[in-house]
Amino acid sequence: MKLCFSVLLSTLIFISLPTHSTHAQSKDRYYIELYRKSSQQSFAHHANVNHVFTYLPALSIYLTAREAKRFKANPAVKTITKEKVFSQSSQKQSWGYRKLGFATSYHNGLTGEGVKVAVLDTGIDRHHKDLKVRGGVSFISKSYNDDNGHGTHIAGIIAAQNNTFGVIGVAPNVQLYAVKVLDEEGEGYESDVIAGIEWCIQHKMDIINLSLGDEGAHDLTAIVKKATAKGLLLVAAAGNDGKANHNDYPAKFKEVLSVGSIDENRRLSSFSNRGKVDVVAPGDFIYSTYANQSYAFMSGTSMAAPFVTGTLALLKQAHPLFSASELRKQVEQDALDLGARGKDSSYGYGLIRRP
């Protein structure tokens with residue numbers, strides 16, 4: 001039987017200019033302007049001087065806040081200001097990344113390091129400079145390279161690199177694998193999805209992202225149970241029909257963490273299916289990597305699922321001894337309750353929260 005998924009999307013493809021992030025330092029860099037250029041000599045031999053200017057009565061120096069205060073009191077100093085950091089352009093963050101505060105997780109050392117994540121989809125753009133693909137397999141063609149764009153978009157939400165350009169993923173340091181089970185039209189046979197999950201079991205993946213679905217894929221039952229028994233976490237999109245009590249498979253399986261979509265105002269997206277929903281995540285107008293080394297905005301429960309996949313990767317790094325069921329339970333317990341009190345058919349346990 002042939003599976004197909006639907007994606008509600010707004011495509012606006014952008015090529016982002018490079019940017020970079022800064023890391024906290026024990027001392028900040030200050031620009032000191034002096035009244036007289038001759039005064040430079042009294043500062044030039046300071047151990048933390050970065051640069052003494054040739055044409056200006058000024059210098060750049062690394063100082064603690066206390067040292068800066070002392071320097072400010074020096075009668076030779078006209079002004080002292082903490083230096084701004086310039087970059088070629090801003091690294092973009094999707095509104096979902098910002099709203100859920102994943103930057104805090106990153107700065108706390110949670111990046112998904114050592115966690116193996118497989119994206120079962122249309123493949124991943126192997127040449128995208130914002131993605132680091134460790135390997136993969138294709139059950140559709142000779143290459144797992146993405147000829148559609150959907151899989152690359154999913155991969156970026158999970159694991160776009162924290163570098164000097166593009167976007168940043170929820171868990172940029174995961175070990176990312178492409179498992180191509182859908183063709184250039186975004187469709188694939190059930191047997192290819194089964195083969196893809198088997199590959200994940202054989203290659204000891206930790207988490208599988210399944211942003212795909214069909215109404216009656218019952219033949220997946222055995223392989224889903226097998227993967228769960230082997231300790232893999234399966235995360236799937238609830239579906240984009242906007243219907244009540246109508247989840248697609250594999251999200252409908254009790255073993256699979258089913259993900260619905262919310263918009264920027266924490267309202268359930270109009271397209272998000274309801275029924276067997278476990279948690280919700282941002283899925284409306286999400287900016288991420290795309291095919292041909294580009295970027296795009298897309299919408300769908302397909303986009304919500306990888307936010308959960310990335311969150312689970314952060315949790316697994318934080319709690320390496322947790323079982324798959326314990327990690328899932330943690331995500332559900334941490335969720336921000338939305339809608340009716342407790343678990344409900346629209347929001348499940350609620351909106352995921354960063355570790």
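Each residue, glycine too, has its Cβ placed from N, Cα and C.
Caution: TrEMBL annotation is automatic and unverified by curators.
Under the heading signal peptide, TrEMBL lists 1-24.
The domain 'Peptidase S8/S53' feature in TrEMBL is assigned to 112-350.
Among the features that TrEMBL reports, active site, charge relay system is placed at Asp121 (among others). Packing around Asp121 (active site, charge relay system) is summarised by its Cβ count: 30 other Cβ atoms lie within 10 angstroms of its Cβ, all protein chains included.
His150 (active site, charge relay system) falls within a helical segment according to DSSP. The active site, charge relay system annotation in TrEMBL covers His150 (among others).
According to TrEMBL, the feature active site, charge relay system maps to Ser302 (among others).
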